[in-house]
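Working notes, structure below.
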Amino acid sequence: MRPVIIGLTLALVGATWPVWKWVIQGTLDASNEPWGWLPAVLAALLALRHSHNLATDRLLITPAVLLTLYMLAIALDLPMAIRGSLGCLALASWASGLRTGRPWHVGLWTLCWLSLPLSASMQFYLGYPMRYLTCAGAATWLQWQGLPVMQDGSLLLWQTRQIAIDAPCSGVKMLWAGWVLSASLATWQGLNSLRTLGCLLGTPLLVYLANTGRTTALFYSESGLVQAPPWFHDAIGVMAFLATALAITALHQRTGTTP
């Protein structure tokens, strides 16, 4: 290894130690995703598939810039989520540059970012908007089926009943899992940055459609229109998750074969 690579490696490891500490503490926090370590492991395994050893100074520019921004964020005392994201991306850029020759590797960057303990923040900021949109979609689908269902925020109103879409049914966890799958497939396929971004941007739509379908199906059991067994709720959730995974896989297959 050249001295500049060794120097940057030591600088990254030393400068980002608060990020490692934050990630470990956040992962152990019950409010965050318990599988948060999985994207980091997938990123490491996918990076090891490559054997690009022709690192040049040009490939080190991006991680050096990100490291500088990370240090600036520390000096400005910005929130840990911002500092952690910059530190994580600096490490991801360094690793992807060495292993793949692409410091701007969107797939690896996304996997590393998803490993950060930000799921509680995602639930806080995205939870209600996603519940609202899911409720609106489910109300529309139910109206198409001839049921006079109305929406009130994250509530479905039918006759004298109110069926609430709670936080676990918001789809935030499904979105997180969908992005992990999409980023992993894009990295495995070797998609370029533009196609990877296209798949990542298409994932929320697929998650929304699946979650809206799940909410629509669960309305029948929650409203009492259909007497369902106790396992029905979980079964519908598993089916929605599998449908999302298959749709994301199909999207990647189509993207990977399109000239």
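Just so you know, glycine gets a Cβ as well, placed from its N, Cα and C.
Record features, source TrEMBL:
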- 37-55: transmembrane segment (TRANSMEM)
- 67-94: transmembrane segment (TRANSMEM)
- 106-126: transmembrane segment (TRANSMEM)
- 194-211: transmembrane segment (TRANSMEM)
- 231-251: transmembrane segment (TRANSMEM)
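Tertiary proximity for the transmembrane segment (194-211) is limited to same-chain residues at least six positions away from its ends with a CB under 8 Å from its CB atoms, namely 106-107, 110, 130, 133-134, 137, 169-171, 174-175, 178-179, 182-183, 185-187, 240-241, 243-244, 247-248, 251-252, 255-256. Panel annotation: around the transmembrane segment (67-94), residues 8-9, 11-12, 15-16, 18-19, 22-23, 43, 60, 103-105, 108-109, 111-113, 115-116, 118, 121 of the same chain, lying at least six beyond its termini, place a Cβ under 8 Å from a Cβ of the stretch.
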